[in-house]
Structure formats: C-alpha cells, structure tokens
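Peer 1: Mind having a look at this structure? Questions to follow.
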Amino acid sequence: MVEPGQDLLLAALSESGISPNDLFDIDGGDAGLATPMPTPSVQQSVPLSALELGLETEAAVPVKQEPETVPTPALLNVRQQPPSTTTFVLNQINHLPPLGSTIVMTKTPPVTTNRQTITLTKFIQTTASTRPSVSAPTVRNAMTSAPSKDQVQLKDLLKNNSLNELMKLKPPANIAQPVATAATDVSNGTVKKESSNKEGARMWINDMKMRSFSPTMKVPVVKEDDEPEEEDEEEMGHAETYAEYMPIKLKIGLRHPDAVVETSSLSSVTPPDVWYKTSISEETIDNGWLSALQLEAITYAAQQHETFLPNGDRAGFLIGDGAGVGKGRTIAGIIYENYLLSRKRALWFSVSNDLKYDAERDLRDIGAKNILVHSLNKFKYGKISSKHNGSVKKGVIFATYSSLIGESQSGGKYKTRLKQLLHWCGDDFDGVIVFDECHKAKNLCPVGSSKPTKTGLAVLELQNKLPKARVVYASATGASEPRNMAYMNRLGIWGEGTPFREFSDFIQAVERRGVGAMEIVAMDMKLRGMYIARQLSFTGVTFKIEEVLLSQSYVKMYNKAVKLWVIARERFQQAADLIDAEQRMKKSMWGQFWSAHQRFFKYLCIASKVKRVVQLAREEIKNGKCVVIGLQSTGEARTLEALEEGGGELNDFVSTAKGVLQSLIEKHFPAPDRKKLYSLLGIDLTAPSNNSSPRDSPCKENKIKKRKGEEITREAKKARKVGGLTGSSSDDSGSESDASDNEESDYESSKNMSSGDDDDFNPFLDESNEDDENDPWLIRKDHKKNKEKKKKKSIDPDSIQSALLASGLGSKRPSFSSTPVISPAPNSTPANSNTNSNSSLITSQDAVERAQQMKKDLLDKLEKLAEDLPPNTLDELIDELGGPENVAEMTGRKGRVVSNDDGSISYESRSELDVPVEILNITEKQRFMDGDKNIAIISEAASSGISLQADRRAKNQRRRVHMTLELPWSADRAIQQFGRTHRSNQVTAPEYVFLISELAGEQRFASIVAKRLESLGALTHGDRRATESRDLSRFNFDNKYGRNALEIVMKSIVNLDSPMVSPPPDYPGEFFKDVRQGLIGVGLINVEDRSGILTLDKDYNNIGKFLNRILGMEVHQQNALFQYFADTLTAVVQNAKKNGRYDMGILDLGSGDEKVRKSDVKKFLTPGYSTSGHVELYTISVERGMSWEEATKIWAELTGPDDGFYLSLQIRNNKKTAILVKEVNPKKKLFLVYRPNTGKQLKLEIYADLKKKYKKVVSDDALMHWLDQYNSSADTCTHAYWRGNCKKASLGLVCEIGLRCRTYYVLCGSVLSVWTKVEGVLASVSGTNVKMQIVRLRTEDGQRIVGLIIPANCVSPLVNLLSTSDQSQQLAVQQKQLWQQHHPQSITNLSNA
C-alpha cells in the first residue's frame, strides 16, 4: 500500500518558510475567472527561482514545457494591479509538470534565449480518498502514481530558501496572470473549476491544512474583536509538571531517603509487570544501601537485557534520572547484579577521570567491595589481561569518552584503546557496558555538513562489535533532547522492525512534531520497560533573585568596550579586504572573532557581580552556612598568556577580558607577519634580530624559540582546520588523548569552538557546496600524513626570494612585526598545497604595512581601555574571600594568581607537595565536605558529577548556599548545575541565589529558571520576585515562538516587515535607527559594500546567537532591544493562542472544574518488538461550563468589595457578556474570572482591565445574560453567538471555540509502534505541520488517560488503518503462541511469562 503523502503546495511553501496565511492573497478581482479552454493538457509556467537557487534572478522567470505550444487561456477579468508575489508563487507552483517531464527554462525579457533543461524526478503523492467531502476550495495537485520510495517533500527540489528569496521580490509586470486554482483529474486530463473566494480559502487552509504554528508565520497586526477570542485564550490547563514518585510494580527495598518526583506525563503511564528476580543480597536491600527506586531501575534494566531486538542485538536500557537521585549507585547495582551472575567484566564510560573515585565509592557502598575498578588510561597499550598490564581478568574498566579513541604511535596489534577493550571483552561478551552522562559524548549527531566525531563513531562501533553486551545508557537529559539519543541504538526505537528505518527518520518525525512528540517517545519507552526517569523534588529548597545594580562608571566602561569592539570589527574587515584574504581564511578569522566577542562580554557581565557575591558570601558564613559559587569558565589561558608576556612576572591580577581581545588581535588579525611567513616557508630565522621590538623581552626569547616549532605546527594546523576550531574536542586529533581527560574547564578548551550548545559560530553551518577535497573535516583526517610528508620536503631558497622580490617584499631585510605570534593567513598552506599557494600570503608591501598599522592602533586602544577592565573573576573572588587557604577551588586550571602578604602579586601552581594535580579537585572537595574550608568555587566543566550537598555522612553539615554568577538560558542546564548541591541523603536542602545584572535579559533567564524550580517544589524567599508572576517567565525563548518573534524583530528593524508591537516607550532617541546601527556593530545585520543595502545574517533567528551577540551593544540599547523582543514574543504567543495553534506541551483536562466522561473506547493490537503492545482510541466528552446554580453558590461566599457579577459595556448582536469575578490577590488587584460557557478562567485579570470592559451589577441583572450564553454554548460557537454567523460553520467545518461541551479523540498506549500510520493520516488530512498535542485526562470515575489528541477529521481514516493492522497482528500473535509451544525454553517465552 502506498502511504498517503502530503499536499504538495503546502508542504513546499510552509516548509520553505512561507506563512500559510499569506498563501491565499487572492484579491476580489480573482473571483471572476473564466473556465479554461478544453485543451488536453495546459501547462502553467513555473518560476525558475522556485526550482534552482543557483541562478540569481532579479525577477521570477517563467518556465515552459516543450514541445507544448498551446497558449495559456485568456482571462475574462484581468486585474489592473500586478498580482502579489504570493499569489504568483501559488499559481505557478500549483501547476508543476508531471513526474519525469523535461522542462526547458527560458528567460522571457532578453532577446537571446538562455536555455537550461531540468528533469523532475520526484513528486509527492496525494490520494483521492483523503479529500474532505465538504465542497470548499481545496488546493490539490495533479496526482501521480509514483512508487512510495519517490515520495519526497518538494522542499528537496526547492534548494535552501529560494522561495524565501522569491518572496522578497516584486513580481515582474509581464508574468503569467494567475488562474483559478484547479485540480486536474488524471484519468482524462480535464480541468475542474473550483471556487476562489479569498476568505473561504484562508479559513479552509487554516483549519484543514496548517493546524500548527508555522515557524516563520507573519502574524497580522490587525486586532480583531477580542472578546470572544479572549474567552477561549487558554482552553485547557497546563498539567502540574511533576508528580510524587513511588515504585508501582516492585515492592522490595526501603524508601528513598529524599522525596522524588516524575513528570506528570510519565507518571500516568504504568511500566510493565516485573518477572525478573534480582540476585542482589538481602543484606544490601535490608540495610537500604540500595533504595526501592534504585532497585526498581536495576530490576527493569536486567529484565530488559533478557530481550533481543529484531536485528539480533540485545536490548538496552536508559536511566533518565536527574542529578542527585543516585544514578551512580543504580549503575553500580546493575554491575553488581551481573557480577553475581558470573558476568564479571564490565565497562563504565563517563566524562571525567575524577568520577572513577565515585564509581569505586558507589560499589563499596552497596557491598560490592570485591569488584575492582581500573582506569583505562593507566593501562599500557597491549592486552589488558597481559602481565605488563597487571593481568586484569575481571572487574570494571573505567574510561572517559575521549580516551576511547586513544591511539598509540608505536603500532602493534592493540594500538588503539578500542581494540584493547574489544579483545578484553571477547566476541561473546554479555557483560554490562555503561554509557554514563552519555549526552556529554560530543557531537554524535552532527548538525549541517559536519561529520560525526571519532568518539561518536567509536561508541557506535563498540556496541555493534559486541551485540550481546548488556548496554545501559544514563543521562539526565535522556529523552528530552532527541539528538542526544543518536547512539542509543539498543533502545530499538529505530532500525529493523521499527517504524523508523534510520535515526534520521526518527529525528525528523520527532522534531517536526514539537515538544509533544518527545513526550510520546518517553511514555512509550516507559510503557515497554526500557526507560525510567525520576528527579529529586526541590521541596525545602529556597531561592532568591539578587539584582546587582550597575554603577555609572561600570556602564561607562562597558559602553567604551562596545565601541572598541565595533571599531575592531571594522578594522578586521578592512584589513582582510586590504590583503585580499581568501574566503576560507575570512571564515576562520570571523569564527575566532565572534567567539572572542562572546567570551569578552560574558567576562564583563560576571565581573560586575563580584563585589556583591563577596559581600553575600561573607554574610552567609557569619550566619553559620557555607557557600558554593558556580562559574562557567576560569580564564586560565589568558593568565598564561599574560604570564608569558611578562616573562613569568606579574604586577597585577590579569584582566581576562583584556586578554581575550589582545589574544584575538595578536593571533588572528589579518596582517601577514613576514617573520612568520619565512618560518612557514622553512627559512631559519632563529638568529637574533636588531629589529625585535621592546615587547620581545630577552627572557621571552627562549620561550619563543622553544615553542616556535609547536606554534608553527599549531598555526598551520589551524589554517587547515579552517574554522580555527581551537577548542574542538580532542576526539579528532587521532593521537593518544588520555591527557585531555581532565576536561579543562577554561572556556577556550571546553566551550570555545566545540560543537556544543554554546556555539556562537560553526564555520560549516552555511553548508557551502564545496567539493570533498575542500571539506575541512576531511582535510583534518588526512592532516597527520601530510604533515609527515611536509617535514621532509625541502624548499629552494631562490624560489622564495624570487617570489618575495616579485611581490615587493623581498627587496629589503624583513622588518619583524612588533608581535611575536600572529596567525598566518589561515589556509595559506592547505593540505594539497603547492608553491603557488604561498602567493596568497604575499601581498603588496603597502597593504601589509597598512594592515600592520591598523593592528598596532587597535592594540594601543586596548591598552587605554585596559585600565578600566576588571581582573580575572576567579582570582579576584578567591583573593577577596580569604585566599586559597580558605577557598576550595574545583576547576580544571593548573595554576592561579595570588596576592602575597607584602602586597605583591604572583602566579603559583595549584598542585601541592603531597597532592598530585589529577586528584587535586577530589582533595579540595574533601576539605570542603570536612569543613576545613567553608567556601567552594566550582567551574562547570570540572564539577560534573561532584557532590557538594550537606550529606549526612559528611562532617560539614552546614546549609549550602549556592550562588550562580552566570545563569544558562536553558532551565534544564540550570537544574543540572544545581544538582551539585541538591542531592540525595542531605541534612538540609540548599538555598540558591541568582545574581543578575540589568544586562540583556538576565532577569528573564532568572525568571525562567525560577519557574522551573517552583514547578519542582522550591519556594521563593518571601514575595521578592525579580519578575512579576504574570510575566512571560513561563515561556522559554528557545522554541518556535521565540524564533518566530526574533525573525519578526530582525525583519522589522531592517524594514523588511512591519513591527508587531511598538518599541519601548521610555527609549531616549530613535529606537529603530539606533538598534539597527548596534546590530550592524555586532554582525547580525550586514551592509552590502557597494549598494549599502542591509541584509540579515544567515543565522538571524538563532536565539542563542542573538542573546550572545546583543551583549556587544551599549547597555541601554541592548535592554531596549531585549524588551522589544520580549514584547514581540508576547504578541506572537497570544496570536498563536487565538489561532488555536499554541503548543502548550502537555495539557490537562479534568484537573480543574471540568467534568470528563469516557463515552467510547476502541482497542487495537500493534506490532511491538518485545511484547505485543496495543493502542486504544478513546472518545472523551468534556463539560466545562458553569450553570447559574453553581455560579450563585460561589457568589454567596464572596466577601470582597469588588467581587460579584459584571456585565460587559459593549453590546454585540444584541447581547451582553455576564461574568463572575473573585479577588485572589488584593495587593496586586488580581481577579479570578468565571464565565457561563467556559467556567473558571486560568488567566487572572487586573482590576483596571476589568473596569475598562465591564460594570458591576446585581445578580438579577446578570441572570438572563448568563443563562442565555450558558444554554446557547451547548451547540453554538462563540462566533455565531456574538456575530450571528461563523465563517468556519458556513464552510461546513466544525467550530468548537467557546463551546461548553467538547468531544476529544485520544489515542493511548503504544503510540510509537503505530507512529508512521498516525503521521500518514495526520499529514494527508491535516497538512504536514499539524502539532502533536498530548493531553492528560482524569475521568469522573478516577481513571487517568494520557495520549495524543486525534483531530475529528482524522478519526475514521485512522480507525480503518488500525483495524487492518489489528487483524494481521492477531494472526502474528497466534503464530507466536504456536512457536512458543514448540520452543518452551526460549528467552522470549521466559520474558513474557
């Protein structure tokens, strides 16, 4: 059976980023169109730019099919105005030629015709059966009976954003006039005429096709009558996010020491029955060394490991427990369970070597003292079981992800760590492999054109080579980010015998459907017994938001820094143009530039809070608490550079911010240094030079010589890497990388340009269509071989001299630059270079001199600014809080700057006499836990997995106060950070203090995190919230609404779009003009050199990039811009709600005052890989109105002066609205509103707003209006009630807005196994982008149901599909039962016992 595809036109336009509301831009003049002449096959013209991006056309170019010569039928009613671009695109694309036809493209205006042939090879199928029966204008394409493998979306033909580009153009005057949208009957080629009414078409398209919010939808600014919509703004309540957790099916073990919660969607799904009996000793269970919920995870993991996937691999298990629940002990328990069953070898992978000690502690704590843990990086290359490796035959091998790709230079049979491990395990290995914190293994599912890293490939290979291994994945963000699941192939969600053939199919399906889809996946996994996810409740935790006011002098300094960066950006651009830098060098240079830009301003933001943190920390210590301060980065690299420059001497704390900019200018400013050039060409210039500048102090010279070789190879390597990926993970280096396991916490090494979430820049995201030999990722692979060859290649000095002379550089003795280390023009020596490629380095002497001068000027300006720049935050904090003897530092840096007793400043190593560097953090942690030090400073990279809670087993049981200087703008990551101090088995819960400045939306980040903490049970200190509770804090930015709002903001600033909201009223000056200038300064708006036209950066709607970049704008500007963005986001969300397209994640029905009844249920068997699952389709009716009797009961209990019945001032359709209001917050004058048709409203109203629209009346006056609306809302929608008619109803569609009683169809159970069927039906009936809305119900008789809402018009096709699947599945079950009778010993049989 060919699966129904999607509607061609809508799939193409919506997925190419065109608003569905814009599609039907048909003017009244379009209505009277003639019936086309009865020609056998009339072919409409197709614009070239809609098919091929490569040809840049100023105007859309018609395409004609050959050899067809029949002219387009004339129109009776020709419009006077040229059609809008959208109408034009709509009509053109609606008549694409059939599959396989050859199109010849012709440009009409010029005399000479340029021809280009293109063949359409793929087309989308639509089936007649899925058409709605209502006579309404539909948009359908000619159907072709293409085989299913050819079903692709038209966006594959429309490369990149060609349609978007087309939308910006005005259609040429001589384009083909639009014709009525027609559906062609394939059987006889005749064309049926259909009505073309603008309003109807728009209504139809909105309802039937695009029930979701298109990512780039332009929301009209026109405000409709807001009364009816407002009533229905939030139709269903949000589910409370978390529910108390207790194991349901397993009754062994003691209660967990702390309260644990689970997301509400997961809590309403029950896991499978337990049939596995654990072998763990009763002593361990009775003593509570493993709690009930840890034993539950161990049991389900062991049970899941007894089943096999359809491809023959053993099934895996995913532990999604949050920070602090005790994942470590659970994993230790799984290893112990298998050890007791004679599976005595196990592999445990994690992110840091320090966690090995935790692994040993966990095994010891559960009574498994005899299981030894060995570090992989301590083994020599060779057999692990051999004598020189201590004959290790059993136990746990602990390794980091980066050590997994370690490789020995000496060769031999086991020269890679992976081969060592595979040999140690053996082919039939059926022991445990644990991937702990598996979301941290870098870049397993790469974005754009990049390749997966070696780590990712090694992890996959390990699983593929050991198919019988018992795999356990552990990750707190397990199933919240689908891309993190890239190598969880043992879950059996994709691959053979599942709805998704490849991981990429799974990702596409899930990401297209939004938040809801991932919830469905998680619920399905729990239902099948392969996933468990609990989180520590934050009950008892308190938090406060501490605002740090910026002083005038600080704002002044910040604005000066902004101006310097704007100048720097211009100079970099000018110098690159001067020396005619090639494209790839520029790409690398800008990558470094923006990366440094982001770090510079992050350092400035953090530095503004140091004084306040010190003050707060001292107060808390006096109050008998202890303090943990969280930092993201340490700035160590800057300190080392300053140290080297000063020849090992320092006279003050190093300014990290200054170091960032100085390093950028010195290393990456595009001014070729001839000294460096000579070195690269192999000319020995070690002889001392008279020209060396005062900067090159004698004590530095040796260091420079010593490092010259490294420097050159490093710079040359950078050049090859193109993106200057200095911090990209050591995964790609291909050499032994155990040394890098310490996870340097400095921003450069952990974050700088690695492919993580914080990327401000990825040079490969623009997917330039370079050939493979130019692919920098491939070049990097071959880099080592090339380097070896290069070393041996000698260079003829004469040829160099002649080349230098020819370019005007060789005539004089080379004058050395004032800066010792400057990157050569990157990529000047690509892997396949020949001597000609050096010419890109050698530019005219004049240009080089000017570029050098610019560089010197920039460095001088920086020196002036440096006087005001703040010092390194970490060093300053430690110094202010009493020095290293009072502060436990847990970071990845090797040394620090301290102030001595005599006031001098010096650099000292962090290592101590009796403590090796590798266990320094562990030692510092112990000092803190023992109470020797009461302040701990942790950096994010070094702290993963470190426990600092007020543990019952620790000496230091003071209450922890956790202060964060830098909040991540994702609530999930913030919760991860707080997991350091809030963990199981604590005496007291911690307090959190968020320090926020008034810079770019830090308040908003804080309120998002605060909202999440509240939903987890935390309390605020009093009522001092930085943001009012009615604020948008519950909306995260980084979602489709945020991206859409940002797109509208950016387009309105460059006048591509009209603004949705007015700019902040209190902004002094011309908002749009100033902000435009500011955004040009931070590179989010580009100015075309010749024309001066403004264009948006390619990633202009990337929220992360936007929030990072606007820090580089002046303080008042960035705040005004952020306010404007937040206001636009509010408007976008409100519009989405009004259009019924707001994706609220999971919705709750039946938790409030609604009455939920189950009226029907259909059950279907589905194909499941381990057990035969089933899905149920429930028909649910929900009554949510409020009768007059109920209203008067509430009214009788009201006491407030403003409580009572109100009537609307406005009369519509001879009717007034009656409402009942009750004051809930006298201080803020917030009121709860009840309505006759929709009952209690979620949104609280401000009294001032109520007074504008309503007046207070006595109950008798409200009675008639209340009853009138209550009775009519049983079957009349709001539109019909208030306006007398409903557009939807007049088209024969069902409108449920404002109805008192509504019907929902909910699909529950193993939805994942019928995903493709559901997708197919939703797509064919309701368009490609319909959102998957998850709902949680509690019926009147107490039954809980969680599932997917199926739109009414999809129910009957879905039932037909599931019925056929059900019959075939029943047959399969009977065959399976027969087979099991003949094979009673099978594992599968056992698993179903």
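Every residue, even glycine, has its Cβ placed from backbone N, Cα and C.
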Peer 1: Looking at 109-128, 129-148, 449-468, which stretch does Swiss-Prot describe as region 'Disordered'?
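Peer 2: That would be 129-148, the stretch labelled region 'Disordered' in Swiss-Prot.
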Peer 1: Swiss-Prot lists coiled coil for one of the ranges 199-226, 311-338, 843-870; which is that range?
Peer 2: 843-870
Peer 1: Going by Swiss-Prot alone, which of Ser195, Ser755, Ser833 is annotated as phosphoserine?
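Peer 2: My reading of Swiss-Prot gives Ser755.
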Peer 1: For a quick check of understanding: among the modified residues Lys413, Lys1222, which residue's Cβ has the most other Cβ atoms within 10 Å?
Peer 2: Lys1222
Peer 1: Taking the Cα atoms as reference points, how far is Lys1222 (N6-acetyllysine) from Lys413 (N6-acetyllysine) in Å?
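Peer 2: Between the alpha carbons of Lys1222 (N6-acetyllysine) and Lys413 (N6-acetyllysine) there are 79 Å.
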Peer 1: Mean pLDDT over the coiled coil (843-870): what is the value?
Peer 2: 85
